[in-house]
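J.: Sharing a structure, written as structure tokens. Questions coming.
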Amino acid sequence: MRELTGQQVVDAIRAETEKTLEALGGYVPTLAIVRVGENVPQLSYEKGAKKRMQNFGLDVKTFVFPEDVTPEVFFQRFREINADSAIDGVLLLKPLPEQLDVRRAEQMIDPEKDLDGISPVNIARVFAGEEAGFAPCTAEAVMETLRTYEVPVHGKRAVVVGRSLVVGRTLAMLLLRDNATVTICHTQTKDLKEECKKAEILAVAAGRAKLIDRDYVSAGCVILDVGINADENGNLCGDVNPEGLSDLAAALTPVPRGIGAVTTSVLAKHLVQAAARRLL
Ligand code: NAD
């Protein structure tokens, strides 16, 4: 079984963004990270995103609001950030505290700067099968992984476990756009095992530690594990239990060092794309 590590995908994305940056002739795109409060997973994602932007030679400005910020203050500032011509892309860290209507923020974000595809305009573009706009970074990270490792998608039977808008549902649309025959599974799916066994490409984004084991996998399957969970010992693990898969599956993305590592590179790629679409 091949291990599809994220690093190779990151390198491929970096090479691609470097070309676009060259075409931008020294212009350094700037990402605005907007965070409300001190939520630990958000802080950790922010740290990773900043490091990646630095690594790709991109700038970051962080806008932090107190947990109890009023809607008036937050949305006025959020509008200004979106309108600022010195900012090429905006990443809004979610969830937002209760007093802030997340839908209002999603509708307010400039679709051309909406790097994680949360605006209704970008969602519609993804679901219409269009290439314009931005898809959520994690779903696209899966597609980038398939592309880098030259896994054929066209005509393949793909099964996605998970139907969240941010990962599973969007990923299903991206696989469909590349002409896979796609099945989406979720908590109400009657026989998950049988559905998964039909997969030539199996993408799992359920958020359930080790949900998928060898009983769910057919010989030669390529498995993409999006899950980030803690196992019984508190260690990081995916939605797939890799034990017993080595003589069965063709390939698997590890957790950690798999899809998670690619997500922030897609964010960087989107930032450079946003600048290029505006300036070239
Ligand atoms: P979510 O909770 O919003 O959605 C989970 C989906 O999985 C739901 O649609 C649900 O129906 C389905 N599901 C849950 N348990 C199931 C089961 N037993 N059988 C069948 N379907 C089941 O989660 P999400 O935001 O889509 O994230 C999914 C996972 O991906 C989480 O582990 C999350 O941490 C991870 N994630 C990773 C990245 C990354 O960068 N790698 C980014 C976002 C999310």
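Glycine is treated like the rest: Cβ placed from N, Cα and C.
Summarising the annotation, TrEMBL assigns NADP(+) binding site to Gly162, Arg163, Ser164, Ile228. Positions annotated as domain 'Tetrahydrofolate dehydrogenase/cyclohydrolase catalytic' by TrEMBL: 4-116. Annotation comment: TrEMBL describes 136-277 as domain 'Tetrahydrofolate dehydrogenase/cyclohydrolase NAD(P)-binding'.
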J.: When you look at Gly162, Arg163, Ser164, Ile228, which the record names as binding NADP(+), what is the longest CA to CA distance in angstrom?
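T.: Those residues reach a largest Cα separation of 16 Å.
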J.: Helix, strand or coil: which one is Arg163 (NADP(+) binding site) in, per DSSP?
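T.: Assignment for Arg163 (NADP(+) binding site) reads coil.
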J.: Count the residues of the domain 'Tetrahydrofolate dehydrogenase/cyclohydrolase NAD(P)-binding' (136-277) that DSSP assigns to helix (H, G, I), to strand (E, B) and to coil, and report the three numbers in that order.
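T.: Split by secondary structure, the domain 'Tetrahydrofolate dehydrogenase/cyclohydrolase NAD(P)-binding' (136-277) comes out as 50 helix, 26 strand, 66 coil.
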